[in-house]
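Undergrad: The following block contains the structure, expressed as C-alpha cells.
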Amino acid sequence: MPKDASGPPRSLLVLGGTSAIGLATARRLIARGARLVHLAARPSPALEKAAGELTALGAEVRTVPFDALDPESHQASLGPVFAAGDVDLVLLRFGIAGDQARDESRPLDAVRVAQTNYTGAVGAGLLCGAALQEQGHGTLVVLSSAAGVRARRADFIYGSSKAGLDAFAQGLGDALYGTGVRVMVVRPGTVLDPGTPRGDARLTTTPGQVAAAIELGLRRGSETVWVPGGLRLVMSAVRGLPRPLFRRLVV
C-alpha cells in the first residue's frame, strides 16, 4: 500500500473490529477511497460477518486476531499489520461498559472493565503510535467518552477507565507532536443502538453520527472531537460544578 500522508486514509486498522462505531467509520472511509481495512478483534462469527460486509463495499479486508486483555500478544497480532505496509489510520475503539451495580459488588469484574478500557488501550496505543512514527505518518483516533470528563455515581467505574484513557491519549498526542503522526481524541455522549429512545439530544448520539464526526475531524485536522458538538459546553459546565451540587445532578 503506497504512503498517503495527506488526504483521505486509504488503509486503516480498526481495533475493535466488530464495534458499531468502528464499522460505521470504516464504511464512511471506504466510500471516500479507503481500499484496505484491517479488522482486529477476537475471532468470532461477528468478525467474519463484518469483514464480509466491508468486502462487499469494495475494500480488501483482513481480519486480525486481537485480545485487549492479553497485552503480551499485541505485538504478535499487530506487528505483521504494519510490516505488511503503511497504515494511514488506526481507530482504537474497543472497550466495555460493564454493569455498575454488579461490578461494585464484584471487584474482579470492575478490574476487567479497567483493564480492557485503559490498560489494554495503553499497550495497543503505544505500539500503534510507535509503528506510525516509524513509517513517518498516520493518525491514531482514540474513542474516549464524555463519561470520562467527570465520573458520575451511576457509572464511575466505566467513567474512571475512560478518564484514564483520555489523559493517556492526550499525552501520547503531545509525545508524537512534530513526528508526522497525529492523535485525535473523540468524546461521544451516550451512544444509542438503533431503536433506542433518543433522550436529550445534547447528550446522546449514534454510531453513524460518531463516524460522521470522526470523518469531519480528520478533514479538519482536529485534536479533540465532541459528539454531538454541543456536548462540549454541557460537560464544561458539569466539570465546574461543586461536588455537593454534582451529587444531586442527574446527567
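Glycine is treated like the rest: Cβ placed from N, Cα and C.
Quick paste from Swiss-Prot:
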BINDING   14-37  NADP(+) binding site
BINDING   SER145  substrate binding site
ACT_SITE  TYR158  active site, proton acceptor
Undergrad: How long is the line from the C-alpha of ARG35 (NADP(+) binding site) to the C-alpha of SER145 (substrate binding site), rounded to the nearest angstrom?
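TA: Between the alpha carbons of ARG35 (NADP(+) binding site) and SER145 (substrate binding site) there are 29 Å.
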Undergrad: Validating a neighbour-count step here. Other CB atoms within 10 A of the CB of LEU29 (NADP(+) binding site): how many?
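TA: The Cβ of LEU29 (NADP(+) binding site) has 26 Cβ neighbours within 10 Å.
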Undergrad: Reduced to three states, what secondary structure does DSSP give VAL14 (NADP(+) binding site)?
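TA: Assignment for VAL14 (NADP(+) binding site) reads strand.
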Undergrad: Which residues of the same chain, at least 6 positions away in sequence, have a Cβ lying under 8 Å from the Cβ of ARG32 (NADP(+) binding site)?
TA: PRO8, GLU215
Undergrad: Do me a favour and check the Cα-Cα span between LEU23 (NADP(+) binding site) and SER145 (substrate binding site); whole Å is fine.
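TA: Computed Cα spacing between LEU23 (NADP(+) binding site) and SER145 (substrate binding site) is 18 Å.
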Undergrad: Using a 10 Å radius around its CB, how many other CB atoms surround ALA26 (NADP(+) binding site)?
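TA: The answer is 27.
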